[in-house]
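Mind looking over this structure? Questions follow.
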Amino acid sequence: MRVLSGIQPTGRPHWGNFFGAIHQYIDLQDDNDGFYFIADMHALTTVRDAKALKQYTLDAALDLMALGLDPKKATLFVQSQVPEVSELTWLLMTGTPMGLLERCHAYKDKKEKGLNADAGLFTYPVLMAADILIYDSEVVPVGQDQIQHIEVARDLAGSFNHTFGETFKLPKAKTLDHSAKVPGTDGEKMSKSYNNTLPLFGNVKQIRKQIMRITTDSRAMEEPKEPEGDHLFQLYRLFSSPEDVETMAAMYRRGGFGYGDVKKAVAEASENYFAEARARREELEANLDYVHETLRDGAARAREVAAGVLSRAQKACGLR
Ligand code: TYM
């Protein structure tokens, strides 16, 4: 089955990116034909510094490979290296109702805050639909915040098929139960734009400090507490075995524990969890030729598939 997903190179990836999405990429790479890419054209809607964008793009490749994405099993590439995607975006755009895009949250949120939105942000979901449809993708592993965009891709594929005949496969989003919406240090969704992220890589001491600053409620720690609604508990669960999660949940329900201890447990568990990836990232950093070669090979493979689907779509609508 063709599985596809993308991540924007807009800075350091965080726990939400990993447990919501990247973890799924890696789980799915063994038994599927995985296509994973770094969405540098989407990042252009926020990063407007050529040097930074180039660096973030390379960093994202290092991150994904260090975390276990295996180029022998899956195809890893950079979005802009497949120009066919931009051509398909235009075809899809001609059949995209304005109202559909007006309802999309990235644009809507910005507009509601009174900020100026550009056409790139407005049409962001159409580029994303092209990303998905051009590889005949069937499953798209993502976090909850991307579900709406995948629905748009499905809608656009459906209406194109209806108008011009069967052309695109209809993709489906895939999310995980406990980590589709990983909370940040303040309990809101973890997101670079909320400044509440815990990064996967970076200075360990610094990350530990950030973990110790996770907000907790003001109720006395002696009082029993329902673990499910607590974001610190949700973060603990990401790294822990079902037995440890049960023990922690029982402790919450009994009361009489210190949040500081839970935070220390989260810090320790997360450091152990990412230790191997951290070491692998350093090795990869010393072997950038291999990373560049991987991205080149990935783009060549992706282009082959993309060219076939683009040509099918062009024929269907009379461009060839
Ligand atoms: P991006 O770069 O914002 O995020 C990458 C992935 O991480 C997931 N994610 C989360 N999951 C759980 N909890 C969180 N707090 C959290 N924060 C982020 C996102 O849902 C996403 O799966 N538009 C996409 C990139 C993209 C794409 C695509 C994805 C471009 N084209 C085609 C899939 C298919 C984005 O901005 O992801």
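Even glycines carry a Cβ here, placed using N, Cα and C.
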Per TrEMBL, what member of V182, V204 joins Q8, P9, T10, G16, N17, G143, Q144, D145, K189, M190, S191, K192, S193 in binding ATP at one site?
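Record check against TrEMBL: ATP site with Q8, P9, T10, G16, N17, G143, Q144, D145, K189, M190, S191, K192, S193, extra candidate from V182, V204 is V182.
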Counting across all protein chains present, how many other Cβ atoms fall within 10 Å of the Cβ of Q144 (ATP binding site)?
16
Taking the binding-site residues Q8, V182, K192, which residues show a Cβ-atom distance to ligand 1 below 6 Å?
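Cβ < 6 Å from ligand 1, in sequence order: Q8, V182.
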So which of the binding-site residues is most packed in, judged by how many other Cβ atoms lie within 10 Å of its Cβ, out of Q8, T10, N17?
N17
Same chain only, sequence gap of 6 or more: which residues have a CB within under 8 Å of the CB of M190 (ATP binding site)?
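Once residues fewer than 6 apart are set aside, M190 (ATP binding site) is near H14, W15, G16, V182, P183, G184, N196, T197, L198.
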Could you measure between D131 (L-tryptophan binding site) and Q144 (ATP binding site) for me? Cα positions, answer in whole angstrom.
18
Counting only residues 6 or more past its boundaries, what in the same chain has a CB within less than 8 Å of a CB in the motif ''KMSKS' region' (189-193)?
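Distant contacts of the motif ''KMSKS' region' (189-193): 10-11, 14-16, 145, 181-183.
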Check V182 (ATP binding site) against DSSP and tell me helix, strand or coil, would you?
coil
